[in-house]
Amino acid sequence: MKMEEAVGKVEELIESEAPPKASEQETAKEEDGSVELESQVQKDGVADSTVISSMPCLLMELRRDSSESQLASTESDKPTTGRVYESDSSNHCMLSPSSSGHLADSDTLSSAEENEPSQAETAVEGDPSGVSGATVGRKSRRSRSESETSTMAAKKNRQSSDKQNGRVAKVKGHRSQKHKERIRLLRQKREAAARKKYNLLQDSSTSDSDLTCDSSTSSSDDDEEVSGSSKTITAEIPETGFCYVVQAGLGLLGLSDLHTLASQSAEILWDSHLA
């Protein structure tokens, strides 16, 4: 009986020691998997290995994820032993700015972020037409704005120079009633003066012969001095039937005076016609 009890106790001890051995085997497998993962990561490339080695917390998380995936795939039918991980508050790697959850705050750049400038440069080199079109559009807008500003500045300078020179710009608009009336009166005065001078020219040309005859008959009266006095000469014109009075200061009108009178009357008539 004592032997049987001793054998039972030994078997119980063996059974109690068997699960720790299984757990030790599982931890050994996990370590082997992590070593294999590290070797694969080192074989990927020098750039990736340098980035991962610079971030030990990321390496630890990758190891943990790979070990969990391997255990889930190989030992899905076996109950996995629970593994205790440190909390986020106690894990200094998770609190550090270089952790995977805070890559945006870290000073180091990942491979994707490093590749972004190179991709932008390749895009610019690959499509120069789009870049040239954008630059041409910007240049055209800039040239248009510069031309508008230059025209505005030239207009302002012209207005300021006109004000300094005393010139007032003509205001185009409807004429007032007073202005129209004044223009009409001036036109009437010019027409009346032109009509008088024209009549004087016609009468002087027709009565020139009569005046010469009267002057020859009145030669007896020429003994008197006429330098300081004026002499009135009347001549009857048969065509018109009225007398024309010529007021002569020093003498009769000559041909040169008639020519100047005709030219002046012609100019006045032309001005009245234009008005």
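Just so you know, glycine gets a Cβ as well, placed from its N, Cα and C.
As given in Swiss-Prot:
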| type | residues | note |
| --- | --- | --- |
| COILED | 175-200 | coiled coil |
| COMPBIAS | 1-12 | compositional bias 'Basic and acidic residues' |
| COMPBIAS | 23-32 | compositional bias 'Basic and acidic residues' |
| COMPBIAS | 87-121 | compositional bias 'Polar residues' |
| COMPBIAS | 169-187 | compositional bias 'Basic residues' |
| COMPBIAS | 203-219 | compositional bias 'Low complexity' |
| MOD_RES | SER66 | phosphoserine |
| MOD_RES | SER67 | phosphoserine |
| MOD_RES | SER143 | phosphoserine |
| MOD_RES | SER145 | phosphoserine |
| MOD_RES | SER147 | phosphoserine |
| REGION | 1-50 | region 'Disordered' |
| REGION | 63-233 | region 'Disordered' |
| REGION | 202-226 | region 'Required for interaction with CSNK2B' |
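Mapped onto this structure are the features recorded in Swiss-Prot.
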residue	record	contacts (Cβ under 8 Å, 6+ apart)
SER143	phosphoserine	none
SER145	phosphoserine	none
SER147	phosphoserine	none
Report task. Provide the number of Cβ atoms within 10 Å of the Cβ of SER67 (phosphoserine), excluding the reference atom itself. Result -> 19
Report task. Would you mind pulling the DSSP three-state label for SER143 (phosphoserine)? Result -> helix
